[in-house]
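Reading through the structure tokens given below for one structure.
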Amino acid sequence: MGSLFRSEEMALYQLFLQSEAAYACVSELGELGLVQFRDLNPDVNAFQRKFVNEVRRCDEMERKLRYLEKEIKKDNIPMQDTGESPEAPQPREMIDLEATFEKLENELREVNQNAEALKRNYLELTELKHILRKTQVFFDEQDGRLTTTTESMTRALVTDEVRTAHYLGPVQLGFMDKLNDREEYFPCFVAGVILREKLPAFERMLWRACRGNVFLRQAMIESHLEDPSSGDQVHKSVFIIFFQGDQLKIRVKKICEGFRATLYPCPEAPTDRREMAMGVMTRIEDLNTVLGQTEDHRRRVLVAAAKNLKNWFVKVRKIKAIYHTLNLFNLDVTQKCLIAECWVPALDIETIHLALRRGTERSGSSVPPILNRMQTYENPPTYNRTNKFTKAFQALIDAYGVATYREMNPAPYTIITFPFLFAVMFGDLGHGAVMALFGLWMIRKEKGLAAQKTDSEIWNIFFGGRYIIFLMGVFSMYTGLIYNDIFSKSLNIFGSHWQISYNKSTVISNKFLQLNPETADYTDTPYPFGMDPIWQVAGANKIIFQNAYKMKISIILGVIHMIFGVIMSYYNHTYFKNRLSLIYEFIPQMVFLLFLFFYMVLLMFIKWNRYSAKNYGRYSASCAPSILITFIDMVLFNTPKPVPEPCEVYMFGGQHFFQTIFVLVALACIPVMLLAKPLNIMKQRRQGNVQPIAAGSTSDVEVGMSNGQISQGVDHHEEEELSEIFIHQGIHTIEYVLGSVSHTASYLRLWALSLAHAQLAEVLWNMVLSNGLKKENWFGGIILTVVFAAWAVLTIGILVLMEGLSAFLHTLRLHWVEFQSKFYQGKGYAFQPFSFESIVENSSSSSQTEGE
């Protein structure tokens, strides 16, 4: 089989590169994305490797680019993304890139520092402007031109000498210098601004620390002020504090400093305040002009950087990835050659040779690289080629476990079986159409949607599985046609094959009407495609009919699915030349499954074919035996209970004899599966005819080294104990025998979820939408619009999303446990090639997450 049905054949190669050509060759291999390098220096510290300085330089360049990106996003400047991936720059170009980034960072930091200083000056001038405006009111009050309340409160803070002179004029805001016998008044107030939320605590602290000997006035600044450091909008208030004496002055200033209040000089004379206010306004206008020019210059720098930022990121990440990969290599004794080991798909070796040749030509080296194949017993990585269609299905398989090297890959078969089993549980033409249209929309718009690169995990899951969603919807539409179910109603395309003529009174008087195939109303011919639409309006026997049908279909599909899984193990055994497993595992497993469970499926088809409601005698519907009771009697060797004439216990002649033989043969397969293989291994070891069995493997002959193949799991130095072989074989046998019963019953979830989905759809129709359809006139149209909107929301939210997720998870379980357990080990490890595409994509997504 080709690589579609099992993983690619891998080979381990040793690569010799000249030091001058190593960078260019690794760059070409990174663009190719087909080589997985091994670390030849596992014990060497990351800081002691040869190219650690180059990696640090790349880290520093990436830091500068992230700084530029942060500033660009802060200004909401769009970054140009052409979608193209530039080639990795040559090592000599790193100096130019470093110089460019250094220049941009320094220029931007200088502009930001200047802008911050200008904004700080602007903030100070703005606060001073508000202080001069607000405090004018306070001084007017103090001069007695507004009220006398402030005057009396201020009077309490001045000395007796000042109080006695009050009749000569208004109270002076100061105190006299009595030591020098001069009537000179010094300032006894401070003015400033403080954050509005700190003002209550600030006022309480002043009152307590100064013991009530201060007088505080405050007024809110209506407009927002911008913090120059953080850029946040803050609310502040102007305050002025009146006090007396140097001691209080020191204490007040310390309290202001503790609350981060900013103090500003405020002249006492009105003329001085007006002059200062005029000067402040002039300086604010000048600062506005300078700030505008600074912002324009900053934006020009960022716009120029935004045009190349994406490409710069890609270049730096490619350079860093190359040097990180070169750190995995070894140096030869001459220090002129780098030695690497790498896993390579065997089919792509010629492509890799061409890439190495291009890299050598680009570097100008005259020494061609040397690529030698190595022989190894190490398990190679598993590599399954995928495209945008098969990638999602392969991801479902790898989520369970990466396939063991070269074993059968379930992904190609899952493309059909997964949406089909999902559709058996989700069968509804209407709901399937909604899901299919959603998947088709994502497929049609996939280029634009993929370019958006959103961080929403739920959306990324939906978009990644767009082809799965589309196929699940299409298959659900098919099973919906089979069930003849669309939003819990039927489509009468071909006309019902029930000729029923009830009058109106009969329909009104009977809430449920029974359908009896024995009556003459049935034409005795089946509906051409799917279920007859009459069953949607049937009475109590509707659920009985559908349950019997869906339950049997679930068992039939489950047994066929498990048989297919056992057949897949045959191809694994033959490919790995595992003769013992083929004879003593595959054959008894297949016989056990066929003689018991597939025989039960055959009984279902025999019962459907022979027994009918229109037949009379031994083949009438009333004489049809129960499949479940028949199977239980078969396994327990019970004699069926006699039935009245003309019915018969058995469906066909010799049934009891065949059933006895089937059970005995199936039971005989159990000791064969349990003991035959370990006993043969023990016998072969005694004879010394085969090599020792690898640890963790029970195969007799593994894949050899002939024809360039690498043996799977062979370890020529360790030998598994016979006791462990017997234990492992016993576990596998018990698991298969008991699992065959439990797995068959597990497929009944197809019936259960299909029934639940149909019943929920019917409940939504009867309890929601039908209420709107019963109303008449124009009022009924309004009610129907509202009810339909509620019904549509519940249908999408519950039946499509929630029920769809439930059916998806149950289908996933049927594949992982019931199907893949028959042949799939999943003990491999994924092939992770050195690829620029994946490195750049992962780096971009991680940087976006950090930015959020």
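Every residue gets a Cβ built from N, Cα and C, even glycine.
Noted in TrEMBL for the protein shown:
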- 51-128: coiled coil (COILED)
- 415-443: transmembrane segment (TRANSMEM)
- 463-483: transmembrane segment (TRANSMEM)
- 553-571: transmembrane segment (TRANSMEM)
- 586-606: transmembrane segment (TRANSMEM)
- 618-637: transmembrane segment (TRANSMEM)
- 657-676: transmembrane segment (TRANSMEM)
- 778-802: transmembrane segment (TRANSMEM)
Per the Cβ filter (under 8 Å) with a sequence gap of at least 6 from its ends, the transmembrane segment (415-443) is approached by 390, 393, 396, 449, 462-463, 466-483, 485-488, 491, 553-554, 557, 561, 749-750, 753-754, 757-758, 761, 795-796, 799-800, 803-804, 807-808, 810-812, 814-815, 819
In this predicted model, the coiled coil (51-128) has a mean pLDDT of 90
Here the stretch out of 463-483, 553-571, 618-637, 657-676, 778-802 with the most C-beta pairs under 8 Å to the transmembrane segment (586-606) is 553-571
Counting only residues at least 6 beyond its ends, the same-chain positions whose CB falls under 8 A of a CB in the transmembrane segment (778-802) are 428, 431, 434-435, 487, 757, 760-761, 764-765, 768-769, 771-772
Spatial neighbours of the transmembrane segment (618-637) not adjacent in sequence (6+ beyond its ends, CB under 8 Å) are 517-518, 552, 596, 600, 603-604, 607, 610-612, 643, 646-651, 659-660, 662-663
Given the transmembrane segment (657-676), its same-chain partners at Cβ distance under 8 Å and 6+ residues beyond its ends are 583-585, 588-589, 591-592, 595-596, 599, 634-635, 637, 729-730, 732-733, 736-737
